[in-house]
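Below: the structure, in structure tokens.
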């Protein structure tokens, strides 16, 4: 990652634009009406078309988040960095959209707790032992109600945390406010600019009198910023926990180049993350995101999924179940064969791009969808990304004078070609489910419990157990996370007899599968 990448945040996207003064909402509308109301018609004589503009306003629209924000459009124009806010305890060590919305965020956190039984069980079992006592954790993840449950769990286990967002669109403002009100140092709001994004992470890392010793990352931004700007501080880290494909890839790159000077845990490839978060969560959230943003009818649609990993499998399964004609593009012959055996046509994007209705990327790669592809798409084609990074769709190639960007609603833009053709781009190519909808709390409970256990393992590991490399979560911990969630389904495990355990060569309490086993 170059210095320019860190300073300018090129991989995050172009700077978010300020709202167009001509786009106004009626403040007398109810919250529900305001969140669903589209931009008003210009009533000037001789003009009756919708306002358009060259750059999307999506990053500054917080009122149409899937959660309550309760802020006026005038207030939304004020950058939180320019506000002087304090919580009820007098602390100002945070930067959120509006601290006054904390009560609404607290209610959302309470709802999430009910759907996160495994993480709450871990909190109850370990809070007396305080296994993270003395841990100072930098968190850089999506900030949602589910994340808040993880943050408060880590604090209950003894940790001190500072938290920033890994995505400029996915923060739930009222949840960030609730965490700030509870005394946590939260630096995040929905609709950050690139400069804001890096400023927030830096404020979490570089705090006077606070030396971090653990990192919980989603995408690798906190890891790389600390390594670049604060190398001495980075060398004092006891461990890194990373949960995304993109972040894990960057960790392996650091390891290969000899720049990874601390142990790291690859949570993304643990069974409980890959199978449950990537597969089952995406299977539900892709439908939610597409429905909320476009109200699209799925039956009969021609859809291509770019990438057939666990995320791709989940998306393809859900859309097939609703009557879509789903195709898959893949580079890996094994994944391609799986797609074929699951009943999907495997093809190249170039061969079908003229006829598709919806395109979804989930490969973890860059420039999977180029300007050349989008030039050939038919009008009305929906383009979105389910991968972590915003590099899969070449959105930068669409910011040219010959194309017009027209805002439809929050996170939804028409990109209009000179001949009148228009495609629908969701979340400006960023993660569509967390930017435009939400994910199931139960699945996040599984991932969050995995993250918490990885932090506990790295923090308490004796010196020498983990070297300066990237490790997978021990199989025993994966099984423990799964066992925490089984009571919700009233599931009862069968126990091995001594004779059976001896026959299989297993311990009666696990682990039950070798590390090379593929679930």
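Even glycines carry a Cβ here, placed using N, Cα and C.
Positions annotated as region 'Disordered' by TrEMBL: 1-93. The feature compositional bias 'Basic and acidic residues' is assigned by TrEMBL to 24-40. Residues or ranges marked as compositional bias 'Low complexity' by TrEMBL: 54-72. For 144, 218, 243, 273, 277, the entry in TrEMBL reads substrate binding site. Per TrEMBL, the feature domain 'S-adenosyl-L-homocysteine hydrolase NAD binding' maps to 278-439. Under the heading NAD(+) binding site, TrEMBL lists 309, 310, 311, 312, 313, 314, 330, 433.
Counting every protein chain shown, 29 other Cβ atoms lie within 10 Å of the Cβ of residue 312 (NAD(+) binding site). The CA atom of residue 313 (NAD(+) binding site) is located 21 Å away from the CA atom of residue 218 (substrate binding site). Using a 10 angstroms CA-CA radius around residue 218 (substrate binding site), none of the binding-site residues in 310, 311, 330, 433 qualify. On the 0 to 100 pLDDT scale, the model's mean across the domain 'S-adenosyl-L-homocysteine hydrolase NAD binding' (278-439) is 95.
In the structure as shown, the Cβ atom of residue 310 (NAD(+) binding site) sits within 10 Å of 23 other Cβ atoms. In this structure, the CA atom of residue 144 (substrate binding site) is 23 Å away from the CA atom of residue 310 (NAD(+) binding site). In terms of local Cβ density within 10 Å, 314 ranks first among the binding-site residues 309, 314. Within its own chain, residue 273 (substrate binding site) has 243, 267, 446, 447, 450 as residues 6 or more apart in sequence whose C-beta sits under 8 angstroms from its own.
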